[in-house]
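Shown next, in structure tokens, is the structure this report addresses.
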Amino acid sequence: MRRSCLMIRRRKRMFTAVTLLVLLVMGTSVCPVKAEGAARQMEALNRGLVAVKTDGGIFVSWRFLGTENASVLFNVYRDGQKLNAAPVKTTNYVDKNGSAGSTYTVRAVVNGTEQPASEKASVWAQPYHSVPLDKPAGGTTPKGESYTYSANDASVGDVDGDGQYELILKWDPSNSKDNSQDGYTGDVLIDAYKLDGTKLWRINLGKNIRAGAHYTQFMVYDLDGDGKAEVAMKTADGTKDGTGKVIGNANADYRNEQGRVLSGPEYLTVFQGSTGKELVTANFEPARGNVSDWGDSYGNRVDRFLAGIAYLDGQRPSLIMTRGYYAKTMLVAYNFRDGKLSKLWTLDSSKSGNEAFAGQGNHNLSIADVDGDGKDEIIFGSMAVDHDGKGMYSTGLGHGDALHTGDLDPGRPGLEVFQVHEDKNAKYGLSFRDAATGKILWGVYAGKDVGRGMAADIDPRYPGQEVWANGSLYSAKGVKIGSGVPSSTNFGIWWDGDLLREQLDSNRIDKWDYQNGVSKNMLTASGAAANNGTKATPTLQADLLGDWREEVVWRTEDSSALRIYTTTIPTEHRLYTLMHDPVYRLGIAWQNIAYNQPPHTSFFLGDGMAEQPKPNMYTP
């Protein structure tokens, strides 16, 4: 009953507002039901067919699309020969007689009628696919310090409209800096690659964009609804687009002696995803203004950026750009339509009445419809911003490094947020709250900075997702579980055949043995490397190919290639591709920002889950 309904909640500031609730009464229980909203624009994906050689034959896997009915079945073909006697319901198949030279297709069967064949898939020789990269040459700073490049965070979008994802990759110089550190950095480079390694373009953000996790937040999404993804990010004088055109003054250099850029114009540019061509450039907002307004005068807190994609009207995507979270905080929303950028709203914590929204942001954000109106809200650390740019609530618990938003507790209506907090004087070092109202459902005092926290269903003995932080594991109700915790507090990934989530850290995937309280290794990707130092995050984690399980993208140790790893473990569970889930897809868009976090779904995906709701979507 829980997952077939969603409570339409009042915001805290709207005590007198009239809220329409459709009430379903069963015995003594009352379940508020969300009215059906408008369909959302989503990507027109192909089958994502993948075939991988295993010891038991060829493992074949494909997408179940959000546009398809639950009754659809499939036929699997090898070299034009149908393999299954009767149509199969699963979205994976093991061909025991396949060979390395085989080619596979699948055909949907709708009401007994076979549909056209999918794209063809050749067999991978190993459980990963290599995407060769054009590694850039290093350089030298104005102080004579040399640097090299390594592949860093990535995102995905269908930039050419063929139904297959392309990879958008950030190159990080070896001298990239945290905002707290002085020093010059190399230029930030952004590349686009097809999965066969074809490089589509390279954007050089130039000397006036500093390199580091908090500076460049790149959004890859079909913003204008033409069926092809754009790329949006902060730019500056000297940025060179994918066609070689320079934005602004090519000779300008605003770096000070500390290598920081605290003066000069700032721009927001939308680039064509297929070519890297500049489509439109506007003045960047939130604007810098006075550096000292943001919490210090040397340029640390002024340049703390985040970004995201949100369906503010419930139907089409908008761009969110943010600045600041330790003190002054600003969020600005834009639409990119018909070749033009238009600003929708600004939330500024320095404005009268917004004081509660200062100093509450994280190094990450989440985006979801938390109040049931069909329109997305921005979960900005310890606060939330409504689709219209007005603050919904602030818990006052302040900044933190990790944040998880989803249906963490299926035993109660709506979505929840699990967050850790940095302030040692905060009432809670880790908190579990109602995503719509900010009500703290439970929390644990820490008395110190709790730097990491994770949420995933890893123990079927307890309903909902478990959460762990500060050396302890808890149920969704706040009950402490045992004395051990998983081997990592980083990412979670759906990898094996059950509905529980595995742990992803560095170049490893582990599974929590809940009965014995230890983690067991499932995969160690030899020759692959994680990113971002001690954060040890993947280049990307997402449901990129095949069935609903997730792929992980790591760089090779020398950054000569990216490797897309996929599971080869059969599963009886069939779910719509996670990339057609509204919360999950937006989680992939924001995954590259600042301190990367794993995506979550709009519904509870775990042991004992109810039937997954069919995505309410359309494709351009």
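Cβ from N, Cα, C; glycine included.
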**Request:** Figure out which of D153, D158, D160 sits with N592, A594, N596 in the Ca(2+) 1 site per Swiss-Prot.
**Result:** D153
**Asked** Per Swiss-Prot, which of 133-152, 233-252, 393-412 is region 'Disordered'?
**Response** 133-152
**Asked** Cα within 10 Å of D162 (Ca(2+) 2 binding site): which of the binding-site residues K228, K375, D386, E416, D498, E502 qualify?
**Response** K228
**Request:** Quick one: of the binding-site residues D373, H399, E422, which has its CA closest to the CA of D160 (Ca(2+) 2 binding site)?
**Result:** D373
**Prompt:** Residues of the same chain, at least six outside the region 'Disordered' (133-152), with any C-beta under 8 angstroms of its C-beta?
**Reply:** 169-175, 183-187, 189, 191, 193, 197, 199, 202, 255, 259, 531-532, 539, 555, 558-562
**Complete:** Spacing of the two Cα atoms, D547 (Ca(2+) 10 binding site) and D222 (Ca(2+) 3 binding site), in whole angstrom, works out to 23
**Message:** Using DSSP and collapsing to three states, where does E377 (Ca(2+) 5 binding site) fall: helix, strand or coil?
**Reply:** strand
**Item:** Cα-to-Cα gap, E166 (Ca(2+) 2 binding site) vs D386 (Ca(2+) 6 binding site), nearest whole Å
**Value:** 31
